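Q: According to TrEMBL, the feature transmembrane segment maps to 6-25, 32-51, 57-78, 90-112, 118-139, 185-210, 222-252, 273-291, 303-325, 332-355, 367-386. Sequence annotations record features per position, and here TrEMBL assigns domain 'RCK C-terminal' to 403-484.
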Amino acid sequence: MFLIDELILVGSVLLLLGIISNLISSRLGVPVLVLFLFLGMLAGSEGIGGIEFSDYQLAHAVGTIALAMILFDGGLSTKSDAVVCAWKPAVSLATVGVFITAGVTGIAASYILGLTWLQGLLLGSIVGSTDAAAVFSILRNSGVTLPQKISSTLEVESGSNDPMAIFLTIGCIELIAQRMDFGPALLLLFLVQMVVGLLVGVGVGALAVWVVNRIQLGSAGLFPVLVSAFCLLSFGLSANLGGSGFLAVYLSGLVLGNRRLIFQRGIRLYHDAIAWLAQILMFVMLGLLSFPSRLWAVSGKALLVAAVLILVARPLACVCSLLPFRFDWRSLTFISWVGLKGAVPITLATFPLMMGTPNASLYFDTVFFIVVLSALVQGSTLPFAAKLLGLQQPPEPEPPVTLEISTLRHVDGDIVDFLIGEDSRAAGKQVKDLALPEGVVIALIVREDQLIPPQGTTRIQSGDHAILVLRPGTRPLVNQIFGRSPDQRGEIPEAFEFPLRASITVAELHEFYGIWLDLPGDVSLAKAIREIRGSASLQEGTEVRVGPLSFTVRSLKSDGSVEMIGMTILSDREIRAAERAHEIR
């Protein structure tokens, strides 16, 4: 009983120190994972804490679960746009790139450490992948804004390259133990890992979306737990079927993160917290496993291996993997520098220890030294490298905050808090003068510490917070009116119908949405449609094309006049086709 009390006390102190380390990390510009590792080393048997910990089986189990949760959270946070933009170069880096990195590093390690070529390849395989926890943490918390192609490639690569490193590591251990030969069996193992991981990850993710949006639970707090259960199901099912659990769990998170869910914001916040907890536990525990005296003993040779890995193997892998995808030399240089190592190599380094592989302690100590050096040197210099290479982008404006509608049913609506800027089209306007899309309501205006119930004559001012209730499909149009800047307003997507009141005038269409029609400004859309149709009757579903727009009648008043319309921006191809058919007037 007293042992449990002591464990709770020590664990809570380490957890608090880990959280404080995050504050120190942001001020010093040092990756937080380094501080977590140092905290574990200080608490370890050779540090001031004196905690004896050498249970590699437990470390592997905890590290596996923690990494699964981190990868799942990374998938939840990765937008589908990033995957579409970067999946080809990312997959190339995650497979060919890891293989080249492992091979070059392994050859160097065999000479530097006096190992056989197969033992050297094992070490290279262990450090071959970039670490998702390190990359997600540093890219999202360093304040560096990169071109989307680069940041997306790095995020997708780090989330998907662990299976290759694990496959190579296990394959090398089996070859060293002479339990497997080079040939079809090794290739089959790789294919099964990838294919099963892919199918299980996407399948469990889709199943989770279906269940979460349909199941009736008695408490809102159960929904994040339900999603976590699917996360672990994805990993466990894939692993037991011979696939890659890490690939499956990342893909499940990716599927869930890009679909609308009940309590979506709460689910994301919960898993963000779980991912932070997992990082602290994992890195502190791995720090406890280390022995600083042994690290010092291998530091000289480990430094040489790290130099080959960082300066030769990773750049060569990036050039060979990304050459077909037209990255310029600056992008290649930066991606080469972001070969961050973290928990995955240290966790993989416990495999030889558990399996009794020769030189297992040498692998672990060398890998630990490389991880610390990589995080310190590469992680700390990322902002400087981005600026030096001219890749630093202006920071993106903070998007409007989407508030969650807390209900146990799926609601097709959002509550969005817009901060009104001086360049906002709504600034200085009365509520009644705003040409809002149908289904959009200004629920509240917050001005400093005052809550203002909006009325028609209420004038919106710069600095106000306008809280709107809207349907998700109208968000691009609402951004046009309330966005603080052109960047935040974005563009109205083509081939998507937006509901509008037919009483909106041509001038209002231009003022609030930036859409210009060659018609008198005081003409309403209803009148414009009527004039274009002439004597032809109007009914629901009637379509009229005006310039780059298509208007579809959606509802009529009792007198036959148009009440509601659907507006669609035509693509260039549709406009050209309409011009050829003389449909645009």
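Including glycine, each Cβ sits where the backbone N, Cα and C put it.
In TrEMBL, annotation is done automatically, which means it is predicted and not curated.
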Q: Checking distant contacts: for the transmembrane segment (90-112), what same-chain residues at least six beyond its ends satisfy Cβ-Cβ under 8 A?
A: 119-125, 127-129, 152-153, 155-157, 160-161, 163-165, 168, 301, 304-305, 308-309, 312-314, 316-318, 320-322, 324-325, 335, 339, 366
Q: Using Cβ atoms and a strict cutoff of less than 8 Å, what residues sit near the transmembrane segment (57-78) while being 6 or more residues removed from its termini?
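A: Residues packing against the transmembrane segment (57-78) from afar: 132-133, 136, 140, 155-156, 158-159, 162, 228, 231-232, 234-235, 245-246, 249-257, 267-268, 271-272, 274-275, 278-279, 281-282, 285-286, 289, 343-344, 346-347, 350-351, 354.
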Q: Return yes if the transmembrane segment (303-325) and the transmembrane segment (367-386) have at least 3 CB pairs under 8 Å (sequence gap of 6 or more), otherwise no.
A: yes
Q: What average pLDDT is reported by the model for the domain 'RCK C-terminal' (403-484)?
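A: Its mean pLDDT is 85.
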Q: To the transmembrane segment (222-252), which of 6-25, 32-51, 185-210, 273-291, 367-386 is linked by the most Cβ pairs under 8 Å?
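A: Against the transmembrane segment (222-252), the leading stretch is 185-210.
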Q: For the transmembrane segment (185-210), give me same-chain residues lying six or more residues beyond its boundaries with a C-beta closer than 8 angstroms to one of its C-beta atoms, as numbers and ranges.
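A: Residues 163, 166-167, 170-171, 226-227, 230, 233-234, 237-238, 241-256, 259, 261 contact the transmembrane segment (185-210) from elsewhere in the chain.
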Q: Using DSSP, what's the helix, strand and coil tally for the domain 'RCK C-terminal' (403-484)?
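A: Across the domain 'RCK C-terminal' (403-484), DSSP assigns the residues as follows: 14 helix, 25 strand, 43 coil.
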